[in-house]
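Step one of this worksheet: look at the structure below.
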């Protein structure tokens, strides 16, 4: 089981591709390694199914907790449903792979990437993407690769290739670029308001490294004596397509030129043309080749009709510069937006509409305990900003069962989440956990960017002090030979019939997120740069329209949102606040009707709908953690009496004891002869023993309050409004 290993080095990091050693019954397999991260990627092909008109490609990313030396925490101690990160990585594999398979291919294909070992310095996702290409080539599957992917980070002014997790967190850019010999085929990035020029430079920098990984794959194939299988389309009967071109081109073209019609009207007219054509074909002679072709496959007419519509729409854009709704290539659809559209029971809400795409976003403010723990191979910090995206069937006028979120919903939600994170306020000044939910009410293209815009409106309506508002736009592309047209703000039909879906989100100062997917085998960086630069005026225009609805975050929170106080205590005193078995902190929460969270670093966050109650809880905690010294004098209240003395609360939550011998200069027979529960007394700290117990005295202490010591009022870190 020796196998063959090819190594390539980037910035001191070595990537190793081992073939011929693992998973011998898979169509093709490769072990991708970098540092201590190991990902096994397999590609398998099986006989296609009858009657389908799409590529049945499945891409899975599997995490095994043993890869990080951990045992699952579930009852069965076994991995269960893939975590969100695994779903996103599976999409990251699928998106650059899918356009490289022949459009006519109908065989079942499955790519499985399994993370077997994880080095905390080396993310596994880009290794899985590159491995998918290598495994597919080794499996002899028709494929227009090789394809490879790398990650680019930005530390200071320097780009870093395949940065570690820590470098990603410290840097201003997290960009993944995938490409083929033909150009870039996929880009995904989160950025800290970077200028367009920096992002374009990063894509170019990454593509150079991609080319090196492509050469490594080609070298492995050559050394193994494997010839890459070139896609060869099956012979197709062109009689039906010729018939449709002759009989339908004029009527379809006329519909596409009716720029004032609605989407529903256009779809209805195209359906009518198709139905009339079907009737005409059905009236042909029984032995007519066109009729026999349609009768043999119920989907062949629909597929050929769509292909002709696509061809005519693309020709109209290339030759006339006209889109189906009459817009110019760089024109944005009509924008309307509103903030505060729901009652304030909902902490914040925003409604964003662009053309026929409409998104309702809501923002909810929560406490630190609402943060999401990341139960995956690289847990990292808890998530304190969550974005959830819902795409119900009625948004496209369809009916289907309502199910749990699929990969698409998870991916769109993650992109919108990524776009907003760079502008969120620092945790120490705004310690709320934030959840935004975007409900797609109507869809006609670019709902993910609509969700970004809706999120901004909802968060500002909720009173979240964003560093800057964020907007987003989706760019498209039509490529016919050397002719290229870039489209601004694509709608559904342009996404479906076009060659690119490029989403760009950001503020007026720069980009915060982008995602590019292709339907062709690659684009030069120069063309991508044109799309990025063309997106900027569209983003700014959309942002200006949004700011007409709300130009700054609200100055006050919803009356139904929790109020938070945040302050710091000595981490060594956390146990004092919590108490044995959590008794002390539970008593404080019950007494003040608040919710209290304490982080390991000593940051205490108190949540309550009543600001006064939160302040009371803060005073108790500060009293518990305040250091007192021998000789200090306090006014306190007798809280309980025992035979040998009395306990006095000298600070909120902090008690000391007066021994019976310290109650008076004279001999005392019974404690309650001198003091009773509820009495106000002035005491001096006589001693603090080695167990931290405070011993008090009344002897020699005047009871007129002159030597009492008052405590300053606490100053909250987070506002109470």
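Numbers here mean position along the shown chain, with the first residue as 1.
Each residue, glycine too, has its Cβ placed from N, Cα and C.
The model shown is predicted, which means the values in this text are computed figures rather than measured ones.
Swiss-Prot lists 495, 501 with the feature Mg(2+) binding site. For residue 495 (Mg(2+) binding site), other Cβ atoms within 10 Å of its Cβ number 18.
The domain 'KH' annotation in Swiss-Prot covers 562-621 and is backed by sequence analysis.
Summarising the annotation, Swiss-Prot assigns domain 'S1 motif' to 631-699 and lists sequence analysis as the type of evidence. For the domain 'S1 motif' (631-699), DSSP puts the residue distribution at 6 helix, 36 strand, 27 coil.
As annotated by Swiss-Prot, region 'Disordered' applies to 700-721.
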Counts by DSSP class (helix H/G/I, strand E/B, coil) across the domain 'KH' (562-621): 32 helix, 16 strand, 12 coil
Other C-beta atoms that fall within 10 angstroms of the C-beta of residue 501 (Mg(2+) binding site): 22
Residue 495 (Mg(2+) binding site): secondary structure state under DSSP, collapsed to three categories: helix
